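Listed in TrEMBL:
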type     : residues : note
DOMAIN   : 11-399   : domain 'Major facilitator superfamily (MFS) profile'
TRANSMEM : 12-32    : transmembrane segment
TRANSMEM : 52-70    : transmembrane segment
TRANSMEM : 77-95    : transmembrane segment
TRANSMEM : 101-119  : transmembrane segment
TRANSMEM : 139-160  : transmembrane segment
TRANSMEM : 166-184  : transmembrane segment
TRANSMEM : 214-234  : transmembrane segment
TRANSMEM : 254-273  : transmembrane segment
TRANSMEM : 285-318  : transmembrane segment
TRANSMEM : 372-395  : transmembrane segment
Amino acid sequence: MIKSISALPPGIRHLALLIFIYHAGASFIWPVYMPYMNQELGISLTTGGTLLSIHFAMQFAGNVTGGILFDRWKAKTTIVLSSAVPLACTVAIGIGGSLEAFIACFLPLGFFSGFFYAVTNAWATRLHPSGGRSNSNMVYVALNVAGALGTALGGTAYAVSHSLAYWGNAVFHVVFLLLFFVYFRKHSLSVTAHRKNDPASALQPAGIPSLAKWIALGTLSTGLMVTWFMYMQWLTIIPTLFQNIHLPSYSYNLLWTINAIIVVLAQPLLAWGIRKCRLSLKAQLLWGGLIFVVSSLVTAQASGYAGFVVAMVIMTFAEMLVWPSVPALASDYAEPGREGTVQGLVAGGPTSGRVLGPVVGGMLFEQTGSSASLYASTVFAALGVACFIVFVLLAGKTKNFNRARWFSK
């Protein structure tokens, strides 16, 4: 892992550090949104959940808008806005105020943070056009490690004071902006004419008509949306299920610690497996989707803590295959100067899943119970696989699909 990191250009390593700082700050306040709205602002969990869904809907709009601005306006200014506006919003929330003031800050916070998550992979492509999956993998690992650390620190800070959590987020934004100006003040993020030549990918999108490209990308984004719907049940249904079967809260947090450890330490094993089996990016996407289905089935049938641990381990390997493969595949569709637009569209898939997952998953849980709702999420995971298969069919020549595209050329 260390060797692969050192082999990357300095710009990519600096980008990974900035992603880590930004996402650690964002994760710092994610665990406190609902407790803050319920305990400090006195609103119901239903109203708080609705606000959270609107927040993610605003983030989806930010994904699309940020990607377009990155391409057609000023890349650096778009990145600065993605941190400067959330900085102002979290400072205002930290100072405190009415529910109306909170909403006035909470919704722009979602919109402008959406800028950042849309452009991270486009930014990496501009810095290292031939990076392929290594770019996406670096972004993915940085996000996961930052998420684990930020969530733990944020929960601890909130236990001391709700304001401390928001002020902590503000500090992360200040550090991000300072390092961004240090590292990239003189570094151009303008469009590069280089195209990626990643031998791990079997796609040849340059020969696909423009309309077919956008249909393929829309299908890929839809597959991500329904897969993330399943993934979000680990953040909505599973914690409630743990309470119902009288498992301690720390045992749930331990599952995500296991997730983060595997994401970091199992990278060499995964890279070896990909090389050994000669898996293309499309193959990684399809196999990862199938493993998501298996993990969801294991979760639905789990009757004790050991079952949930096994399900988490399986799901972690699935996400290690799927999440980094998607932006790497999408980058093949981006003509020079369209990286942000393409990555913004793809980033909208997970954001949409975050919007629908808690709402629909919660309704299913209340109406049908935990077992039926978890089997329903398995159906969504299977729909994700179906979308990924359609994407592969649209991406290449259909007549060649049956001889694999499961393996690289």
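Including glycine, each Cβ sits where the backbone N, Cα and C put it.
Note that TrEMBL annotation is computational and uncurated.
Within the chain, the transmembrane segment (12-32) has long-range Cβ neighbours (under 8 A, six or more residues past its boundaries) at 5, 83, 86, 90, 113, 116, 120, 123-124, 127-128, 131, 135, 138-139, 141-143, 145-151, 153-155, 157-158, 162, 165-166, 168-169, 171-173, 175-176, 179-180, 183-184. Within the chain, the transmembrane segment (77-95) has long-range Cβ neighbours (under 8 A, six or more residues past its boundaries) at 22, 26, 29, 66, 69-70, 101-102, 105-106, 108-109, 112-116, 119, 123, 163, 166-167, 169-170, 173-174, 176-177, 180, 340. Highlighted: of the candidate stretches 52-70, 139-160, 214-234, 254-273, 214-234 has the greatest count of Cβ pairs under 8 Å to the transmembrane segment (372-395). Confidence in the domain 'Major facilitator superfamily (MFS) profile' (11-399), given as mean pLDDT, stands at 84.
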